[in-house]
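K.L.:
The structure under discussion is supplied below as structure tokens; questions concerning it will follow.
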């Protein structure tokens, strides 16, 4: 406390506030610290700001990992006021609704989003959402349109979600191509939301969508930064990095690389940007009314440092530009002191690509993106292993003579195998000495003598392989098709060769005696029968059906044909 003067009153000049270690630091937009709001905390994490009542809401974790939420009123010279104490929660995000004076926070440990009323003297915690697996990380409130936004950092199913204030109906805005989203903030000027996404490893992203989750875009993608909390003020986006104890500033108009504006001695966590200017927006009339109804002083009380030591920045592997180190290819860090290849490859040598990303050249017997996979002992019987490519699932073995198999586990020298087996059998160390084996130990020549179990297993295996052979399956299909075709052809032929229609024949009884009438039946010796085919049924007639030459000159009616034909049938010489 020796380097700070206490109880100074200043008009509202700070732009940013950062929660770090046991205090809340007030900063200008360029990272210059103008004072400390409060000290005496143990380990502050989440931070929110009520712009109407000029107070911070901060969560502090004690040595027992219990969280206490405090209200820090900047207009009063009072101690920190605990709102709710000893929560068995992991408070990662805080947000205040200044219209209804409601405090919201996320609890990653218990998978809940909670809230309480700041108007009550003894507020009680209530649950807004109770999740089964989701891990709510950070939370933000659209004061003007009355929406709550939050990030879900569940690594198996991360999401960006929102809900209407006063309604428990959730709406998923983004659920694809996310790693572990952390901080989230609202830009009222462009009507967009921004969030930080830890992609795993050394990569991170800053992404954005409109309020309904559409028009998604990647604002920036970088490495070696672990963004925790984000905030937007005017045309710049700010985010804290607990990994490098830094505060970064990013110009949303130029989309250049982020600029380091503040280096902390402790880990910076929560971050807020003051946004009094939003009260003039058309959608924020209710907020403007809240400002007008607030009649308390607008002076903030905080501790101001007497002097600030300006540190000279020296870039180890880079050049200094605008107060920030621009690192050479293959280096990172505040002073370019971190080599990307440092401890990157477990085994092997590290190299850099044209884009400056490290990659490993693995020695024989090692694989993986960082040469972390050792195949020593994988190949048996003296085989040598290697990875066909760095990310191969399994290594491949080069077997010595006499062995084969994926791991060189199959011996091709049966004599050596039988020699070992019979030596073990003679010692009485085999579990079943009565069973017959491939090796006949009674003969020193070790002629293989397969057992019935082995033969049966071999036959069953061959039979299964035979039925699974694609050639066999194709032949069966062709044979079945040929049989079906034969059955169809046989059926068609039998149908075409069915028994034809019977021939229609007529029988006429003729009396040789012309005096006998046709209506009288003569005696047996004096009559004869003549069978005449009906040649008009489209069949082939055995008896020719034409008129004799003597009858061709007659022009008689059809009623006389029978009478003229029958008397001449006895004279065959005239007919043929």
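Note: Cβ is positioned from N, Cα and C throughout, glycine not excepted.
As annotated in TrEMBL:
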| type | residues | note |
| --- | --- | --- |
| REPEAT | 146-190 | repeat 'LDL-receptor class B' |
| REPEAT | 191-236 | repeat 'LDL-receptor class B' |
| DOMAIN | 372-409 | domain 'EGF-like' |
| DISULFID | 375-385 | disulfide bond |
| DISULFID | 399-408 | disulfide bond |
| TRANSMEM | 471-496 | transmembrane segment |
K.L.:
Would you kindly list the residues that approach the domain 'EGF-like' (372-409) from elsewhere in its chain, counting only those six or more residues past its ends and only Cβ-Cβ distances under 8 Å?
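P.N.:
Tertiary neighbours of the domain 'EGF-like' (372-409) are 346-347, 360, 362, 364-366, 416.
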K.L.:
Excluding the flanking five residues on each side, which residues at least 6 beyond the ends of the repeat 'LDL-receptor class B' (146-190) place their CB within less than 8 Å of a CB in that stretch?
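P.N.:
Distant Cβ neighbours of the repeat 'LDL-receptor class B' (146-190) are 93, 95, 97, 100, 104, 106, 108, 113, 128-129, 131, 133-140, 196-200, 203, 205, 209, 211-213, 216, 227-232, 234, 237, 239-240, 271, 273, 275, 278, 281, 284.
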K.L.:
Determine the Cβ neighbour count for residue 408 (disulfide bond): the number of other Cβ atoms within 10 Å of its Cβ.
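P.N.:
Cβ-Cβ neighbours of residue 408 (disulfide bond) within 10 Å number 21.
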K.L.:
Averaged over the domain 'EGF-like' (372-409), what pLDDT does the prediction give?
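P.N.:
Result for the domain 'EGF-like' (372-409): average pLDDT 83.
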K.L.:
Measuring Cα to Cα, how many angstrom lie between residue 375 (disulfide bond) and residue 399 (disulfide bond)?
P.N.:
14
